[in-house]
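Taken straight from TrEMBL:
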BINDING   Lys543  ATP binding site
DOMAIN    516-781  domain 'Protein kinase'
REPEAT    115-137  repeat 'ANK'
REPEAT    149-181  repeat 'ANK'
REPEAT    215-247  repeat 'ANK'
REPEAT    248-271  repeat 'ANK'
REPEAT    355-387  repeat 'ANK'
Amino acid sequence: MGNYKSRPLTSCSDELKKKISEGYSVVRSRLSDDVRSRSSLGWTEIQIAAFEKPLATFEQLLSTENADIKSAQLLSLFHIICAGHSESQLEKIRFLIKFLGPTVSKTLMSSQSANGFTALHIAIYRGDVEVLKTLLESEIVDLNQSGRHLLPPLHLAAMIGDSAILTILLNKGADIHITDFVHFTALHCATYFGQESAVQTLLTASASSNLGGAVNDRPLHLAAAKGLTKVTKLLLDAKADPMLADDEGNQALHYAAKSGSLPILNMLIKHIRGQNDRICSRNLYGDTALHLSCYSGRLDIAKAILEYSPTNIVNMENVFSETPLHAACTGGKSMELVSFLMKYPGVDPNYQGQDGHTALHSACYHGHVRIVQYLLENGADQSLASRAFEGGSLRHLTENGISRHSKVASAIMALNRSDTPSSNASHNSTISLDDQQTPVIWAYERGHDAIVALLKHYASKTVEGDVCSEYSSGESSYTPLPSPMGRLTSLTRDKAELLQLRSALPAPFHLCLAEIEFQESIGSGSFGKVYKGTYRGKLVAVKRYRAMAFGCKSETDMLCREVSILSRLSHPNVVAFVGTSLDDPSQFAIITEFVENGSLFRLLHEEKRVLDPAFRLRISLDVARGMRYLHESAAKPVIHRDLNSHNILIHSDGRSVVADFGESRFASQREDENLTKQPGNLRWMAPEVFSQSGKYDRKVDVFSFALVVWEIHTAELPFSHLKPAAAAAEMTYKRGRPTLPNQPTAQFPTHILSLVSQAWHPEPTSRPDFSEIVSNLEPHVKSQHTDISAPSTVSQLKSQWEQLSVAPPQMPKFPPILSALNGIAATGTVEELRQRIDNNGYVVNKL
């Protein structure tokens, strides 16, 4: 249920294609900028002559002093001549080459403008075949020079669709399989821009039609996604394989179904006819091509797919617990499609997905009034309730005839989850009444009042029509809105929990928010916001819970659990608990010590700090000590369940503390009852938690710790190119792990290499305890602190002097560490070389 409601609006492939489009748009705009005249913006006489004057004027002005001159945009005379429009441009090129000589001419020809392009790029972009031939006849041009934007000349020719230029470049020896900044070949590029003649030229020159791009997206995928019928036929005729999938599991059939191109779909089906099971292939989200056609509301596509598919395809669920009928009701784009599916053999309008929601739930949630009415008039039961997915509590997908692959896909139901902990985690694995929601609750929650009224109308019609059967059955088909009495029951239960906590909590921990001077907000989450504040002269962090909204699940249990755990903890490497406010639901808050430098995530990925090797080890040791205390030495041992770089905070003296216990649990004797859910952040989640295969123990924290250590030593997110759930699936089902060197390196010394390899072992029993981890790290941390190597270059000496100049005097042993925490930013060179990570944890390479 929760999985479906927070379903992402776009897939990874959609986001990637958007970034690709933006990238090519930037390239085009910058090329356009390079080819325009700047005669009125400071060009010299020789530059103006190169652009538009006759040859005689150019020859008269050219001299050894100005032959290699460049404009403010770093345009050489070769750039300007190629961008110009005089009738004598060819003669100007030959004269300039003769004047400069081959060596200097080759240097200038390979030089790049401020926008990152060579003269060859400009000649191709303008589509000037004669200028191109003149440049190439001198043999001073590198045909594969990509420039700063990693755009080879061949790709530019494919982009503009000039077959003549493509042929010239290929005949002169251009690499037909060289890739650009998104790992596209020239064939990818021609296909992406729909340049049919360019595709034909490249295929004739033996370009491979099955090479993959950055995410293994093939030219055939691009053609199908863009509805390019003729290009698709060319690719299929050239032996493009329609069954190849990209990294998201999408085949060409998926893209054709999503784009709604019936001719392309028919072509693809023709090539895989006789392999009907292939038509049911699923992508990472569990979608078949039929699902995608239903989301798009394409009745014609759905009919074509069903004609050649096995009969069970109509009941296949994706990871969002949706069959094709669900998908059609979610999309809400075609009443005819919904009607067709409802009448199709084997389709049950009251089929409940793995999370219990029906097609009626989907239509209600998205506000499709006409579809809701149609479903109600054709047998949809509005008394069926959705339910939360819990490990072991729901039927297996295989009971409905779905393949084993679906079982794997079902465990990826958390694909919608963000990089923040869920506030809805519960401490038991049963399905409570609060988690069972009928369609009217979904409609009410989304504010679809017309649908609420419609459901009530049909419910009352059912009651009036058969009053006796309602009472004789013992179950009412009437579905009421959340009643005041039900709400009162929930509040009463929450009140009891609060009363119990208040009585058990020592008096010093009871605080009043009026005593705290609030400052700025420093964070937020599903629970509410975190503020910086001052309490009795000391800086504190105040985690304020937002007031509970009507109809939403109470977060009181989360608050009580976190306070109960924090109040029992006291360790230098665990965030210090100051107190809590429990008097008024609108004032619920947890107050902890304020940690000056924020989280490790912020340090590594937002501020891009370069950490000293000794400091990396110290962070790892501090976290390991904190976790050893939680697992072994606390009054009641605790399993954190959400250990990641967001929840590791760094003090100004370099001391690290483990924080955020919203997902934590006491390691009780009844672990089988409360340790079966998916808590915490998917990117750092242990496989046994993500797969929901049964109960798990404190070794899940060891796995997360290994990923944090890897993150510290690489300054990268684990599997940063994947969404969080895709990263978790990679580690769980493919046993993939972030890259480690085969041999020890400066970045990964022997002890770290060994620690990480053991700590993220697939078998929890093979992972070390934190006491063992601490014992292994301590000797190396001591040696690091006492044996900091001397700087070997002037820049390093300067950097160390700067660090020493700002280091606090009370900690002279760690000057490089402290300076990194007090504002010593990474150099420009490092910033240019390092990949950028956006707020969602994806790598973004700026053009």
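Backbone N, Cα and C define each Cβ position, glycine as well.
Listed in sequence order, the residues of the same chain lying 6 or more apart from Lys543 (ATP binding site) and placing their CB within less than 8 Å of its CB are Phe527, Gly528, Lys529, Val530, Ala589, Ile590, Ile591, Thr592. Tertiary neighbourhood of the repeat 'ANK' (115-137): same-chain residues 30-31, 33-35, 73, 76, 78-79, 81-83, 89-90, 93-94, 108-109, 143, 145, 147-149, 151, 153, 156-157, 160, 162, 164-165, 168, 172, selected by CB-CB distance under 8 Å and a gap of 6+ residues from either end. Using DSSP to sort the residues of the repeat 'ANK' (149-181) gives these counts of helix, strand and coil: 17 helix, 0 strand, 16 coil. DSSP assigns Lys543 (ATP binding site) to a strand in the three-state reduction. Summarised as a single figure, the pLDDT of the repeat 'ANK' (115-137) averages 92.
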